[in-house]
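S.K.: Supplied in structure tokens, the structure appears directly below.
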Amino acid sequence: MAASWLLLLLLGVTDGQLQVGFYSKSCPGAESTVADVVRQAGSADPTILPALLRLQFHDCFVRGCDASVLVKGSNAEVGNSKHQGLRGVEIIEGAKTQLEAQCPGVVSCADIVALAARDAVAFTGGPSFDVPTGRRDGKVSNLRDADALPDVHDGIDALRSKFRANGLDEKDLVLLTAAHTVGTTACFFLQDRLYNFPLAGGGRGSDPTIPPGFLSELKSRCAPGDFNTRLPLDRGSGGVFDTSILRNIRNGFAVIGSDAALYNDTATVDVVDSYSGLLSNFFGPYFRQDFADAMVRMGSIGVVTGGSGEVRKVCSKFN
Ligand code: HEM
């Protein structure tokens, strides 16, 4: 027993915990470099900020937060249609190139994804928060692994169980989905909800839970067969990080089906209500703080630490 502990110590294997400021000695400029890259990218194209936030969700929900989503290759997970529309990979790669020049082989791609998402939240007006680092990059990326990602067609039970499978509860589900306060969706993700929704009496049509006026509005923006037009996920407040997405969900103005599903279940309805009342800004629960905490929890899913995995030289390729 004592011998195996000694061996672990000699190999430099840590206890597998992430820690705030992991690079403070080994690469002191790591966090500021990522922030500079994200700030510049966001000034050139503000739509890249929500894309970077979504990228962390897609990284963490497939094999954990291990940068498996960044790997390219014929069987790599990024080819899975669940990752449709994913953007921002080149921003992560750009930060990686700068960090390799500063401190070769030190800062993992998985940490860059987490830091970039944190900075993207702050630059869209969301909370600023500390992100524990020390993730290492995984050595596997499989096309089919991304099947596990939540889907716009998922009902509340499927969403809850996919979050639970990653150690996240109903509160996390609501808080993290509220990331849809910023960013847009392609009409691709609305086609079935607007034109091909299975109806109770048989046949197909529009999701009957969409209020009639809002249905006409959505149909006028997303014509049948239009996959590419984009519209804000948070109706009326798309560019701003706030709780209006939760009021929209409560009032029937959710744009995608999975957001609407959050108001179909007592447990999540209560969470939506608790954050969408105007008084919660004054008396809590405090959305900004709780969102930040949920991001940190999401960022800890299945992390590779210590002596496992690797620090990739290039984010799109295993070493
Ligand atoms: C609950 C399950 C979820 C589903 C089914 C879902 C689905 C989607 C879909 C379909 C889009 C539109 C993609 C596009 O057309 O480019 C989207 C966008 C987005 N998602 Fe989610 N999402 C979920 C949870 C999350 C979580 C947990 C986060 C982050 C914490 C997140 C962050 C975002 C952001 C920021 C965008 C906007 C991306 C952009 O403007 O480029 N989503 N999501």
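Just so you know, glycine gets a Cβ as well, placed from its N, Cα and C.
Unlike curated entries, TrEMBL annotations are predicted automatically.
So TrEMBL says this about it:
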- 17-319: domain 'Plant heme peroxidase family profile' (DOMAIN)
- ASP59, VAL62, GLY64, ASP66, SER68: Ca(2+) 1 binding site (BINDING)
- PRO150: substrate binding site (BINDING)
- THR181, ASP234, ASP242: Ca(2+) 2 binding site (BINDING)
S.K.: Cα-Cα separation of ASP66 (Ca(2+) 1 binding site) and the residue listed as 'substrate binding site', in Å?
M.R.: 18
S.K.: Far apart in sequence but close in space: which same-chain residues, 6 or more away, have a Cβ under 8 Å from GLY64 (Ca(2+) 1 binding site)?
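M.R.: The list for GLY64 (Ca(2+) 1 binding site) reads GLY138, ILE301, GLY302, VAL303, VAL304, given in order along the sequence.
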S.K.: Could you list, ordered by sequence, which of these binding-site residues: VAL62, THR181, ASP234, ASP242, have a Cβ under 6 Å from ligand 1?
M.R.: none
S.K.: Which of ASP66, ASP242 (the binding-site residues) has the most other Cβ atoms within 10 Å?
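M.R.: Most Cβ neighbours within 10 Å: ASP66.
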S.K.: Do you know offhand how many angstrom separate ASP59 (Ca(2+) 1 binding site) and ASP234 (Ca(2+) 2 binding site) by C-alpha?
M.R.: 23
S.K.: Taking the centroid of the Cβ atoms of THR181, ASP234, ASP242 as the Ca(2+) 2 site, which other residues of that chain lie with their Cβ within 8 Å of it, listed in sequence order?
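M.R.: Result: ALA178, HIS180, VAL182, SER237, GLY238, VAL240, PHE241, THR243, SER244, ILE245.
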S.K.: Neighbourhood of the Ca(2+) 1 site (ASP59, VAL62, GLY64, ASP66, SER68): other residues with Cβ within 8 Å of the Cβ centroid, in order?
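M.R.: Neighbours within 8 Å of the Cβ centroid, excluding ASP59, VAL62, GLY64, ASP66, SER68: CYS60, PHE61, ARG63, CYS65, ALA67, VAL69, ALA110, GLY138, GLY302.
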